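Down below is the structure, laid out as structure tokens.
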Amino acid sequence: MRALRVLLLRLGNFLGQSRREREFQEELEAHLQMHIDDNLRAGMTEAEARREALLKLGGVEPLKESMRDRWTLAWLETWGQDLRYSLRSLRRNPGYSTTAALSIALGIGASVSIFTVADGVLLRPLPYRDPARLMMIWEANHKHVDSTQNVVSPGNYLDWRARTRTFQQIAAFRYLNSVLSDGHRAEELKKQAMTANLLPMLGVQPYRGRFFTEEEDRPGRDTVILISHRLWQSWFGGDESILGRKVMINSTPRTIIGVMPPGFYFRNRETDLWEPFGIDPARNYRQTSGRYIMVAGRLNPGVTRDQAHAEMTAIASQLEAANPGFNKNWTVNVESLRDSLVGNTRSSLLVLLGSVGLLLLVACANVANLMLARCASRRREMAVRASMGAGRWRVMRQLLTESVVLSLIGGASGILLARWLVLGLLILAPKALTGMADIRIDLRIIVFAVGLSTLSGLLFGFAPAWTATRFNLFEVMRQSGGTVSRRGSLRAWLVGAEVALSVILLTGAGLLFQSLTGLQSVSSGLNPANLLTFRVSLPAAKYKPEYRRTRFFTQALARLGQLPGVQSASAVSYLPFDGDAAGTYTAIQGRPAPRPGEELLAVIRTVMPGYFQTMGIPVQQGRDFTAADNEEKSPMRFIVNEAYAKKFLAGTPALSTSINALMDATNPYGQIVGVVGDVREGALDKPAEPTIYYPHARLNYPGMTLLLKTQSDPRTLIEPARRIVQELDPAQPIAEARTMDEVLGETLARQRFSALLLVGFSILSLLLAAVGVYGVLAYSVTERTREIGLRLALGAGPAKITAQIVAAGARFVLAGTLAGIAGALALAGLLQGLLYGVEPRDPATFAVVPAVLLAVALLAAYLPARRAGRLDPMSALRMD
Amino acid sequence: MGRKPAKSEVWQGTLALMILRTLQGLGPLHGYGVARRIEQTSGDRLVLNYGTIYPALLKLEQEGYIASEWGVSENNRKAKFYKLTAAGKRQVAREQREWQETTDIIARFFEPGGETL
């Protein structure tokens, strides 16, 4: 402790050293004065008194020296000298220092911000105990759906749970929307139903109260509910007596038994309610229902994902053999929870990380370049220092200190810059990328940034320092500053590398950008303009019998359609592009029932009349649903999309063909009354799935998304719409009001995000490369001033001089461009998954991008070259 | 920084104790006063190089045993005054104990018959 205190004091003294020395001087003077006074009083003469006092004190200078020695740490002091000298020298060359620091700041800022996002999404551990052992178990069926993340049948879940040995535990959950109400207020909230073992399996503890018991996780006993910390604060005002409180969830009383810890979430951050799943082990789920739950599990210690995957696959084939009607062609897919969350955002992030690395390299090359150029012009200064006895190491240390100081200044500004960039990223980034992640700049990231900048400072300061100090003293001193220097070659190499890296970045950006514009022009199959969407979820318990819901929606739409500015109004069970969808098997009358494993799979949507007109989906054959189709006793009628007609009805006229759906033996066949255009559901770059549309009365959903086609800004209708819904039922909230454009925007967000960032990076790297080219040539012109002056004086034309210098620059720019094209061709394959409608080796991109870069680089070369051509020969010769 | 010969180290160790005791006895004092007082206490048997007081004072201050502030001396000179801190008082007590023990042990060797034990 004491040693530390001494060290700190010494450090403190070092910083306030001049004050200290002054004080010590004063103290010694006071000492001498008092001593002299005493001596005088004792009767000595003035001279004697002084002499005696000085003698008794000993030498003042050695004393001061020993004080200084004790005050500070010697090495720190010389380092301090270096530091002060560096700062002074950087201040003297503001142009150079600013350019270099800015280069580093941009490089570090971009890397740190992207690293922060990647860290939050890919690296930071999930907030559960031992998260590496948490897995998601999906069903997978490559025959029907091109998805390895299909939801699971509860029946299969029960069998998995009974048979697995590799998993310590398996738990099930699903998402639901539900309305919380207390008589005055009502709000639609996201809810998760989960088996009782899920929360303990994650390894979290309740903030208040307790989790569900196994007993409460049974049908009929599941009347308890957990609430989020956020809901506890906002709705219940943080009431401490919350436990045991009864609330109405979907018009059914539930008891709050616990509050979740702040910030807790499992796969969906917006969840505010958790309830027991209530899976009934006695029920045969494979008889009647489809696949609709999600399953997570915790591996036994020491078990790998592959082992678990192998075991679960074996179990799945047992189940396939035991229940061929239900499980034919179905297998399982085990993936880590992290992978299931990150999914295809991983490739975007890796591409971005890669590009940011390239950008950082360009920035560093640029700084090294600037330093080299500057060191070249300081060779005489170095030589003078060396001739005065400074060792090579001492001079190098000085130069390295300077480059590290520079990169730390750049790094610090980069961190500040990154704070803004991260905020911008979070605004631009798709929710799918960042929604689950904990994204912030923390100490680790700051350490990363400081480390990175120090490293780049050392790395890119070393080469210049080495070159600058490798001189023959006599030669340098004898030179009078004007002869041709051969030391420019390293710089030319660096600029060439910069150009090459920039070509790679620019090409990638060009490809992504083209793919984005391609996507934006793909027709979604509907017209999103001026379309307001919001969800109304009627409590099933309150609206009985089912037809009352149809009546509610019919009344609501009739009144909404009367609002000024509303052209048409309708509703749909699952909004396209919003992620959710329901699918089932379908059959066509007159055709033999398909064999197990060869069923026809179609997406199911329930709509209210007028849906296709409101959404702008063209009716290609037949007609839309009418009010008559939506009566309780109407005969079953269907509308299908073009994909359904093409894929399943090929050769048969669609209209008046009878089909059924839901694979229920008693499910009636119904006539197809219309064929409508395809809507590209999942993503714009995927083909549309065969879809069957039901009228609401015949496939009754309690929750529907309402749609209003308006003449002007649809957002102005949110409040009037809410009022109309609440006139019909005062306790009925509306949820997630937004425009269809916003819904579609989310789909494009991922591509737009990557493209925008990459475009930003490439513009930066283009600028940096231009600065690099300019810097190298400008310095070479300065160095060759006398030579150029001589040639001008001997009659060389200015145009010729300019051309020669541009050509000198063009040589390494061209070489860099060619290398960059080769590199981009090699790396283009990595972009494959992110591209749509454009080949990774698109010839146009590979022609235009290098041309742009070449043009910019040549412009950067032209400026110093023109200056050279305009030199006044006389003053150039007289220089130095 | 530790470049002084071992003999001087011992001397400085004792010097530190003398300084601390002087400050404990007389209260806040400037460097010159401390040096004078030490000579007087020794009955002028110690002849001090006054300069050596200052590194010792600095060391004690860095170690937190004494604190300093500027003040005015008895004959109206601006001077730096040193005083004992709480840690300094504890240090004096500790050193006094240790010194006592050392002298006790040494004393035993000079007791009659001590050399035959």
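Yeah, the Cβs are placed from backbone N, Cα and C, and that goes for glycine too.
Unlike curated entries, TrEMBL annotations are predicted automatically.
Feature annotations, reproduced from TrEMBL:
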DOMAIN    A:98-314  domain 'MacB-like periplasmic core'
TRANSMEM  A:349-372  transmembrane segment
DOMAIN    A:357-472  domain 'ABC3 transporter permease C-terminal'
TRANSMEM  A:404-429  transmembrane segment
TRANSMEM  A:445-469  transmembrane segment
TRANSMEM  A:490-513  transmembrane segment
DOMAIN    A:500-716  domain 'MacB-like periplasmic core'
TRANSMEM  A:755-781  transmembrane segment
DOMAIN    A:761-873  domain 'ABC3 transporter permease C-terminal'
TRANSMEM  A:812-838  transmembrane segment
TRANSMEM  A:844-865  transmembrane segment
Per DSSP, how many helix, strand and coil residues does the domain 'ABC3 transporter permease C-terminal' (A:761-873) have? 97 helix, 0 strand, 16 coil
Between the transmembrane segment (A:445-469) and the transmembrane segment (A:349-372), do 3 or more CB pairs sit under 8 angstroms, pairs being 6 or more residues apart? yes
The transmembrane segment (A:445-469) vs the transmembrane segment (A:755-781): 3 or more CB pairs under 8 Å: no
Do you know the mean pLDDT across the domain 'ABC3 transporter permease C-terminal' (A:761-873)? 81
The transmembrane segment (A:404-429): which same-chain residues, six or more beyond its ends, come within Cβ distance under 8 Å? 83, 86-87, 90, 97, 100-114, 116-117, 367, 439-441, 446, 449-450, 452-454, 456-458, 460-461, 749, 752-753, 756-757
